[in-house]
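What TrEMBL says about this protein:
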- SER6, HIS62, GLY138, PHE139, GLY140, GLY141, ASP171, GLY172, GLY173, GLY193, SER194: substrate binding site (BINDING)
- HIS29, ASP31, HIS62, ASP171: divalent metal cation binding site (BINDING)
- ASP31: active site, proton acceptor (ACT_SITE)
- ASP171: active site, proton donor (ACT_SITE)
Amino acid sequence: MKLAPSILSCDFARLGEELQAIESADWAHVDVMDGMFVPNISFGLPILAAARRVSSLYMDVHLMIEQPERYLKAFADAGADGLTVQVESTRHIHRAVQQVKELGKRAGVTLNPGTPLDMIKPVLGDVDLVLVMSVNPGFGGQKFIPDSLERIRTVRRWLDELGSGADLQVDGGVTAENARAVVEAGANVLVAGSAVYGPDGAGAGLQRLREALQ
Ligand code: DX5
Ligand code: ZN
């Protein structure tokens, strides 16, 4: 079980401290949005590079950008450890996954709640991580879409059938209330933004998630 707090919900004026506060977590989830693939712009290369400089956490980069292959090398150079691409964002998902692997990074594939799961099947045997989006990407703080549980179960079954050791990550609306159900459905990496960086600070948020999973 890994927890991957999303820095999208942190206070960017205090990025260093906000990363310090999640140092006991497993990964830092880095949400890159281009205002085209999703209706929001978050941040890009300089913020990842700054995070890399002050934190030794695994940088789990989620690219919500059109034609991500244009920027894979730049994000790898800026400090990404894993690069996850949206299957809808490229005509060449297989090529994008291979490029990430050629860069020596862990390759992830993800898909929106409205995208048929079959879309990721051709690369399932190649990836190091599958991310099931449990909200429509673009914003933190949205509500978990209940149908996602069934999608997680299906992907878990497919990975097991393949004998794949890929991570199964879930992102969007994960809270202390639903974390256990998400893990029981087969996920082993939970992303949480607003549930971690809440009003009482990241330490308390992380603690609540850990307790819920015990
Ligand atoms: C959604 C992002 C998520 C987001 C999760 O577009 O991909 O990673 O930060 O935020 P919460 O946990 O608040 O739903
Ligand atoms: Zn994300």
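Using the three backbone atoms N, Cα and C, a Cβ is placed for every residue, glycine included.
Any TrEMBL annotation is an automated prediction that lacks curation.
Known features from TrEMBL, placed on the structure.
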{"residue": "SER6", "record": "substrate binding site", "DSSP (3 states)": "strand"}
{"residue": "HIS29", "record": "divalent metal cation binding site", "DSSP (3 states)": "strand"}
{"residue": "HIS62", "record": "divalent metal cation binding site", "DSSP (3 states)": "strand"}
{"residue": "GLY138", "record": "substrate binding site", "DSSP (3 states)": "coil"}
{"residue": "ASP171", "record": "substrate binding site", "DSSP (3 states)": "strand"}
{"residue": "SER194", "record": "substrate binding site", "DSSP (3 states)": "coil"}
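All protein chains included, GLY138 (substrate binding site) registers 18 other Cβ atoms within 10 Å of its own Cβ. Least packed by the Cβ count within 10 Å, out of the binding-site residues GLY140, GLY173, is GLY140. For SER6 (substrate binding site), the nearest of the binding-site residues by C-alpha distance turns out to be HIS29; the candidates were HIS29, ASP31, HIS62. Residue with the densest Cβ environment among the binding-site residues SER6, SER194: SER6, by other Cβ atoms within 10 Å. The Cβ neighbour count for ASP171 (substrate binding site), using a 10 Å radius over every protein chain in view, is 26.
Those residues of the chain, other than HIS29, ASP31, HIS62, ASP171, with a C-beta within 8 angstroms of the mean position of the divalent metal cation site C-beta atoms are ALA4, SER6, LEU8, VAL30, ASP60, VAL61, THR84, LEU131, VAL191, GLY193.
The 6 Å Cβ screen around ligand 2 retains ASP31, HIS62, ASP171 from the binding-site residues ASP31, HIS62, GLY138, ASP171, GLY173, SER194, ordered by sequence position.
Separation of the C-alpha atoms of GLY173 (substrate binding site) and HIS29 (divalent metal cation binding site): 14 Å, rounded to the nearest whole number.
Within the same chain, residues at least six positions away from HIS29 (divalent metal cation binding site) with a Cβ under 8 Å of its Cβ are ALA4, PRO5, SER6, ILE7, LEU8, ASP60, HIS62, ASP171, VAL191, GLY193.
Counting only same-chain residues at least 6 apart in sequence, those with a Cβ under 8 Å from the Cβ of ASP31 (divalent metal cation binding site) are SER6, ILE7, LEU8, SER42, HIS62, MET64, PRO137, GLY140, GLY193.
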